[in-house]
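Participant: Please find one structure pasted underneath; my questions will follow.
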Amino acid sequence: MQFVDEASIIVEAGKGGNGCLSFRREKYVPKGGPDGGDGGHGGSVYLIGDESLNTLIDFKYQRFYKAPNGQPGQGRQMSGRNGEDLHVKVPVGTTVIDEDTLEVIADVTEAGQVVLVAQAGRRGLGNIHFKSSTNRAPRKTTPGTEGERRNLRFEMKVMADVGLLGVPNAGKSTLIRAVSAAKPKVANYPFTTLVPNLGVVKLGTHEHFVMADVPGLIEGASDGAGLGLRFLKHLTRTRLLLHVVDVAPFDESDPVDSARAIAHELEQFSATLAERPRWLVLNKLDLLPEEERPSTVDDIVERLAWSGPVYKISAISGDGTQALVQAAHRWLTEQRQLEAEDETAFEHEREMRRRMEDEAVARAEARMSRKRKPAEDDDDDFDEDDYDVEVEYAP
């Protein structure tokens, strides 16, 4: 199935039914009075988080969703039927943005979470409501109100605890295959991974965490090189980043230069995401002669001026991978416990997530501005025909 992580749709709630203008007419009741019923409420549009979905591809082919209208009222004080609510399923991890106001309406982070995105129109009132001591035969009714209509943008971000970061062909997909049941495509050429992959790393019966592998970055990704930065958004929900570095690249490039380029592109995408804890994972040590490994590792760490944790692994053979995932699990457990016990740590995490959402809105606004600009430029183009004068010659 094709992976689609962005989509734009239109939702429209149902219109409320109009109130009825009617008078009671029965035998021997010449002046029965008003009996017009109320219209029905329209249907609202709701989104529901569904953990069985992992792509927004359905919204690529159906972009308009409308809830039914309420039915009009009838005589004999009969109310119109309400329009049924429309429930639209979205993948867990979907951020819902109003394209017109850029308001973040909701972040669907749990299965079964329900979000109202378009409020139904209210019913109209029948003439029975306007009867009074001075107006025994009112001819007044009210129409149903229009349902809310919205232009929505969905941005899906995978739900993961740990994210893998690195250049293409650094061994990220091999690592996630080694420590989980995920089976992403692995090959000896760059950009093998074209979409994010998730793997559940199990360390015991009830101990596990989710790892995300995203397509690799290259220098200039912030300017559109390679696959650009669009997949980095899938790391914004993670708590820990593992920077995977190939110590023996096949093109004989400098691993330090590649690592610095990735760090720069990460900062270009999100200054807040760049503040996340990041561990250095030196991969493919098995490709180096054993006597060269310590000096190579020391050289990379020293030139990067790396002060955080460093792990030396071979993803293809599995050497060092268990120590890495066990350390990551311990760190995640300690972090969650700290946030549960320390209000300052909890607020810090919430503030980081808020800042990343603000950055996401800013990126969406910039993207929409770029889309609007060509249209505005077309409108402003000078057209000589606009100033043509039609001349009619008299016979």
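These residue numbers are counts, starting from 1, taken along the chain as shown.
For all residues, glycine too, the Cβ spot is worked out from N, Cα and C.
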Participant: Which is it, of 68-87, 128-147, that Swiss-Prot names as region 'Disordered'?
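Facilitator: Based on what Swiss-Prot states, region 'Disordered' spans 128-147.
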Participant: Can you tell me which parts of the same chain pack against the compositional bias 'Basic and acidic residues' (340-368), counting only residues 6+ beyond its ends and a CB-CB cutoff under 8 A?
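Facilitator: Residues 95, 97, 99, 102, 104, 107, 153, 155, 233, 236, 270-273, 275-276 contact the compositional bias 'Basic and acidic residues' (340-368) from elsewhere in the chain.
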Participant: Say we define neighbours as other CB atoms within 10 Å of the CB. Which of the binding-site residues LYS172, LYS284 has the fewest?
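Facilitator: Looking at the binding-site residues LYS172, LYS284, the Cβ with the fewest others within 10 Å is that of LYS284.
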Participant: Average the pLDDT scores across the domain 'OBG-type G' (160-333) and report the rounded value.
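Facilitator: Summarising the domain 'OBG-type G' (160-333) by its mean pLDDT gives 84.
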Participant: In DSSP terms, helix, strand or coil for SER314 (GTP binding site)?
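Facilitator: DSSP assigns SER314 (GTP binding site) to strand.
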Participant: Determine, to the nearest whole angstrom, how far the Cα atom of GLY166 (GTP binding site) is from the Cα atom of SER173 (Mg(2+) binding site).
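Facilitator: A Cα-Cα distance of 11 Å.
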Participant: Calculate the distance in Å between the alpha carbons (Cα) of SER173 (Mg(2+) binding site) and PRO215 (GTP binding site), and round it to a whole number.
Facilitator: 9
